[in-house]
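Colleague: Sharing the record's features from TrEMBL:
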TRANSMEM  B:26-47  transmembrane segment
TRANSMEM  B:67-100  transmembrane segment
DOMAIN    B:75-283  domain 'ABC transmembrane type-1'
TRANSMEM  B:120-139  transmembrane segment
TRANSMEM  B:145-165  transmembrane segment
TRANSMEM  B:194-215  transmembrane segment
TRANSMEM  B:264-286  transmembrane segment
Amino acid sequence: MATNSESNLNSAVNVSELIAQNKKKKSINNYMEKLVPTILFLLASITVLTTIGILYTLISQAVHFFMEVPILDFFTGTELKPLSQNPEFGILPLLNGTIISSLVAILVAGPIGIMSAIYLSEYASDRVRRILKPLLEVLAGIPTIVYGFFAFTFVTPLIRSIWPQVEATNILSPGIVMGVMIIPMIASLSEDAMTSVPNGMREGSLAMGTTKLETTIKVVIPAAFSGIMASFVLAISRAIGETMIVTIASGSSKNFTFDLTQSMQTMTAYIVEVSGGEAPAGSTLHYSLYAVALTLFVFTMIMNLLAKYISRKFREEY
Amino acid sequence: MEKLEVLHNNNKINARVRKNSIWKSIFFLSTLFGLVVLVVLITRVLFQGLSWIDMDFITGRLSTNADIAGIMGAILGTVWVMLVVIPVTLIIGVGSAIYLELYSKKGIIQSFIETNISNLAGVPSIVYGLLGLTVFVRLMDFGNVVLAGGLTLALLVLPILIVSAQEALRAVPGHLPEASYGMGATKWQTIRRIILPAAIPSILTGSILSLSRAIGETAPLTVLGIPALLIPFPNGIFDTFTALPMQIYYWTIDASLVAEYANLAAATIIVLLLILFILNSVAIFIRNKYQQRY
């Protein structure tokens, strides 16, 4: 009894302290409630800073380049001789190499990717799909340097044994390997687009007596067309920005040609070559790096926005 | 006459059905094409590199002599870079995701940041290399050290991590925070004690996947001027370093000079793929083990 009343007494004495403590806790909580969102907002704005950083870096340095090389010469010049006595900085050889390698890639990945998507979404059973899809996605997780090694040490010799005119570094082999790299991207995004076509449409078509193939080609693909197109555009953008495969396997000749058997350089490979080399800071060569990177950035940005626009604009609502 | 027509129709139907099954096989073979390439790639690399892997190779120092060259420096470099990438991406990534999912009001600022993040995800990795070179290596004058490489790679994988963390937070069912608010908890208390713990397994899965992306990246490192030969082992974030992908890169392009370098590259690829495979298995394990159904 005595202890009880004592503790009662104690707590009675301490009530005012407890209230003070509680108030303090509350004010700390209130403080946290205001502080935390601010900190988190600052963290989220780092991504915006990154974008600003990229734009600032590319533009501020590229400006120096365009003060020395007229912008028109840069975009229409067919000669790229950055290291010669009278250096010439035409980007067309690089654009050419970039576009050709990406075209080869999409010619490989487009048909194979979309046919894989058709199989996975229309024909495969659930069990088969659950096994095949993650396996296919392993391809997307392989580092590009490994693909570069594969293109250079396996695919190129293979092509040359069939077609001897092909040079040791050429644009065909990295193009094909890049195609393999982007297959999972097209397959997966197109499959998503096709799976989201409502079953009622398929069943309606099948009920008219069509085969699965006819339903797929005449009903499912048209309905999923925007998604499929978007996946193509995204895949091309990925191929344009890909670096290590082309750096290793397509060589560094700045050829302005359409001959697939020849060595060509892409925009990304040029950046690797020049930044890894001995371009003295402040030289035109050094600044050319940023002009090329800016072009690359604008190219991929346009493709990415285009993909988003296509999938939003032409999305069919069911 | 009628019989003929039926027969004719039957033939037509049979042809259509046959066409369907032929195309089905073509579609199936297309799906296998990627997998066949994958198998060829892996067996090829194993065949070429496996015999070169032993303890001396793993623990050895870099050397121009293929017989004694090892990759310990590259392994340590990769580990040090990850020690920068992990905390930086986790703090910024999860913080941004919490802000975007739980604090920001739907409006211009939120949609601006989200559009910005999805655009960043599409920027080629080599452009991040130039950003790192200009800002971290030159402007902040770190030099081509672990810190510069780590920060560059962190910015590169940040968009991936933010998006996956957002998905993880979104997947926490609404009745959990509501119960917490009902008990009188404040918003930050609810986030810290209820929402985050529930989302952590998915966040971890996403983090490991973006981390493995950073481990395999080469292009930004080449732009930063990361060397690949004959440097001392890194001991901290201000040391120069090399990384596994850089090692593969140099050995591959120098294979025309010394043929054995191709085998060293293959052996290093095996080590790199093994690390990525382990990381991915851990991610899948976490997803399967802690995936809660509410």
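Any Cβ shown, glycine's included, is placed from N, Cα and C.
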Colleague: Under 8 angstroms, Cβ to Cβ: which one of B:26-47, B:67-100, B:194-215, B:264-286 has the largest number of such pairs with the transmembrane segment (B:145-165)?
Modeller: B:67-100
Colleague: Would the transmembrane segment (B:120-139) count as touching the transmembrane segment (B:264-286), i.e. at least 3 C-beta pairs under 8 angstroms with sequence separation of 6+?
Modeller: no
Colleague: With a Cβ cut-off under 8 Å, give me the same-chain residues at least six positions beyond the ends of the transmembrane segment (B:194-215) that come close to it.
Modeller: 78, 81-82, 85-86, 89-90, 93-94, 97-98, 102, 153-154, 156-157, 160-161, 164-165, 167-169, 171-172, 176-177, 179-180, 185, 244-245, 272, 275-276, 279-280, 282-284, 286-287, 289-292
